[in-house]
Structures are given as structure tokens and as C-alpha cells.
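S.K.: In case it helps, TrEMBL gives these features for our protein:
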type: DOMAIN; residues: 39-281; note: domain 'Orn/DAP/Arg decarboxylase 2 N-terminal'
type: MOD_RES; residues: Lys62; note: N6-(pyridoxal phosphate)lysine
type: BINDING; residues: Gly231, Glu274, Pro275, Gly276, Arg277, Tyr375; note: pyridoxal 5'-phosphate binding site
type: BINDING; residues: Arg277, Arg313, Tyr317, Glu347, Tyr375; note: substrate binding site
type: ACT_SITE; residues: Cys346; note: active site, proton donor
Amino acid sequence: MLKEHNKVSNSLNFYGNTTPSELVKTYGSTVYVYNEKVLRERCRELKNLVSYKNFAVNYSVKANSNPEILKIACEEGLYADAMSPGEIYVNLKAGFDPKKILYISNNVSKEEMQYAIDHGVLTSVDSISQLEQYGELNPGGRVCIRFNPGVGAGHHEKVVTGGKKTKFGVDPHLVPEVKDILNKYDLKLAGINQHIGSLFMDGSKYVEGVQSVLSIAENFDDLEFIDLGGGFGIPYNKLSGQPRLDLKELGQQLDEVINNWVSKYGKEIQFKIEPGRYIVGECGILLGTVHTVKYNYDNKYIGTDLGFNVLIRPAMYESHHDIEVYRESDKPSTQYEFVTVVGNICESGDIIAKERELPEIFEGDILGVLDAGAYGYCMASNYNNRLRPAEVLIQEDGSHRLIRRRDTLEDLVRNFV
Ligand SMILES: *Cc1c(COP(=O)(O)O)cnc(C)c1O
């Protein structure tokens, strides 16, 4: 195995007792590989983010909902967020206590709300009309409200979820109307939440958002919790030396803001965060195979099976993922060169890395797409009638275990009537 192009995975002993080529031979290409040790480490880092005692980490299940990943997060003492009845269902199946699940709903039907109520899961609503709908369904019940603090943050327009130009949350100017509806249906406001966006690498915007939600919280005098949202970024450009989010500094800032607020409020209520990507992003590497190397005019293309049906982030958000190169033979790469790495889908936007400087790549090489644990498999599709990959867990003892089988051709026609 070529040693010099596996710096990140090698430093983590990511593949345990096995190798990328063995995994591809065993489970097919492409395949998502997750490392349990890295996953547990991230859970613990965030659980220890602040020294404030009444603190919980809600894992945002939409980032990766493989049941085995959820079980590990649950074992680590995390709570869970759900964005749909389906996510409530998988959370419950993975063993999360319904009291530890928060259903963060957005424009949902009565039936969807009723599903949460029937399963003892607290719902967060994010408009006046949905609060009214909730009141009709569950008078006298507990509810949570998502506010939009008017600030947003994120790596791409599509993932900024706070601020005046997004669909999410209740405008804080509507607090009087909120109170009227709470009274009308005798609802108990258990908590408020926000989520201003995804992938911040500098905590200052987050802390700014926290201050806004805390000032909104002052309007309500008997809250049980405040959920500050997710968005904790990971360094997708590790190979170019991008630093990690400074959790120590962020934790200290949060501690200060929380402690000040709590002493004014007079009650040590619970604070929650809702990270998805930070928990699972870096524990996943997507493996694919190089089938073609060619020039089109002046551009060198590396043709792989890593289509956007398998990992859509680069095509959808122009996201960067670092790439490692694995080779079974000892044939050396004699140079670094600029190449465009593409998939096998019939669209020219099917690009996983554009004009990227990589060591010379040959047909038969295996590529490892780093930091693919979040918004990877869960956004994969059968577009072009391609099969979604298997998912494999590298356990703490270094052994590997299949945690979702690869699609079969029969799966493609399973739902036809
Ligand atoms: C997506 C989402 C999260 C998680 O975002 P990350 O960037 O993965 O941390 C948290 N809360 C809500 C409401 C979300 O929609």
C-alpha cells in the first residue's frame, strides 16, 4: 500500500485491522466506512464543552441515522433531535428515551404532530399557525418554540437557517401573540430553541446567536431548557492545515454567557446544543474506485464510481472534501498534478473535486473521500438507478462489521406495484 497519500487515515489508524482495498473487495465499491473510536471521541468532546452542569448534547440525527451510529451516540449519553416522524421512529428504535428526543418540526401536518404526541416526544414548532395547530391537538400539553433570532451563519446560502431571509423560526416580535396562544390552549412552554446555520469555524457568530436567544428567553419565566442549536464546524481542509474549531475558547465564552444569564433568571435550567456534523462528519470516509484516467482537451479527468448519488455535497453545496489515494501495488506516483475527479452519473455537474492537486492517480486506485460521515449516506439516492453503498463500522478493537448492506438490483424495483 502506498504510504504517503494516507496521512489523515494513517494518523488515526482509521481502518483498524483492515485496509481500504480489503474493504472494497469485501463490501463492494463504493462503501462508507465509519470509525467508532473517532465517533466516541467527538461525542465526549461536546459533552464536555462547558463546565455548566445542566447541559445536554442533542445529536442531530439527520446528519447520519444509521442505527449502529445512533446506538453509540445513545450509549455515550447523547440526546437526539428529530426533524420528521421517520427520525423519531429510528431514534426510538435505537434506544433513545422519548424524553430525550426533541422533534424540531417545520411546516408539518396534524398527523405528523400527533405522531410525536402519541410517542411522548416533545415538539418544537416554528410558526404561530403551527403553535395554534399544536394547541388544538394537545391542549394543556408541553411545547417548545423555535425562534429566529435574526442572525444567521453558514458555509453556503442553503445551510444558513437563521436570519431575516430564511423560512425558519418565529420572529421574536411575535412574542405577545405566542403568549396569547399559549394561554388560549393552556400550553406549558418547556423550552425554546434556535439553529442559525451550519459549519461555523469561528465561535463568535454562534455566541452572538446565543445572546439573541437568551434575550428572547427573558420573556418567559418558567422555562425548563434552552436549546442553542448546532452548526459546529469541522475542518474539511485538513490536508492544507485548516485548524479545528477552538472548543476550549467557545466553551469558556458559552460558560460565561450561560452563567450570567442563569444568575439573572434565577434558575439553573438546562442548556442544550444540537450538533450533527461535528459528531459524525470526521468519523466517516467514503471509498471509491478509479476506473478511467483520461484527458478531455487540456483537462485531466479521474473517472470513478463516486457519483453524486453517493455523496451529493460537492455538487449541491460546492463543498470541499479532502481526498486520499490508496494503491495496492508499489507503483509510485512520480508527480503531483491538477485533476478533476468525477463520478459515473450522466450529468456534467457530477464532480467530486474540481482541478484538485493530487498525486498522480492510476486506474485501479482506491480513493478515500474524507469527512464524509455527515450528510453523506443519508443524502444518497438511487439516481441513474445506481445502488447505494454499504456502510461498515471499524470497531474499537480494529475489527470491521457491516452495519448496512449495499443495495441490490432487486431493491430498485421493490416498491413497484
Ligand atoms: C441540521 C440541523 C442541525 C445540525 O446541523 P449541523 O451543521 O450538522 O451541526 C441542528 N439543528 C437543526 C434544527 C438542524 O436543522
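The backbone N, Cα and C atoms fix where each Cβ goes, glycine too.
Please go over these features one by one and say how buried each is and what sits next to it.
M.R.: Listed in sequence order, Asp81, Met83, Glu87, Gly276, Cys378 are the same-chain residues at least 6 apart in sequence whose CB falls under 8 Å from the CB of Lys62 (N6-(pyridoxal phosphate)lysine).
Sequence-distant contacts of Glu347 (substrate binding site), defined by Cβ-Cβ distance under 8 angstroms and a gap of at least six in the same chain, are Phe308.
All protein chains considered, the CB of Cys346 (active site, proton donor) has 9 other CB atoms within 10 Å.
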S.K.: Please identify, among the recorded positions Arg313, Tyr317, Cys346, the one with the smallest Cα-Cα distance to Arg277 (pyridoxal 5'-phosphate binding site).
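M.R.: So, of the listed recorded positions, the one sitting closest to Arg277 (pyridoxal 5'-phosphate binding site) is Arg313.
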S.K.: Enumerate in sequence order the recorded positions Pro275, Arg277, Arg313, Tyr317, Cys346, Glu347 whose Cβ-atom distance to ligand 1 is under 6 angstroms.
M.R.: Pro275, Arg277
S.K.: Within 10 angstroms of the C-beta of Glu274 (pyridoxal 5'-phosphate binding site), what count of other C-beta atoms is obtained when all protein chains are considered?
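M.R.: I count 24 other Cβ atoms within 10 Å of it.
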S.K.: Check the domain 'Orn/DAP/Arg decarboxylase 2 N-terminal' (39-281) for me and report the mean pLDDT.
M.R.: 95
S.K.: Report the member of Tyr317, Tyr375 (the binding-site residues) whose C-beta atom has the most other C-beta atoms within 10 angstroms.
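M.R.: Result of the Cβ crowding comparison: Tyr375.
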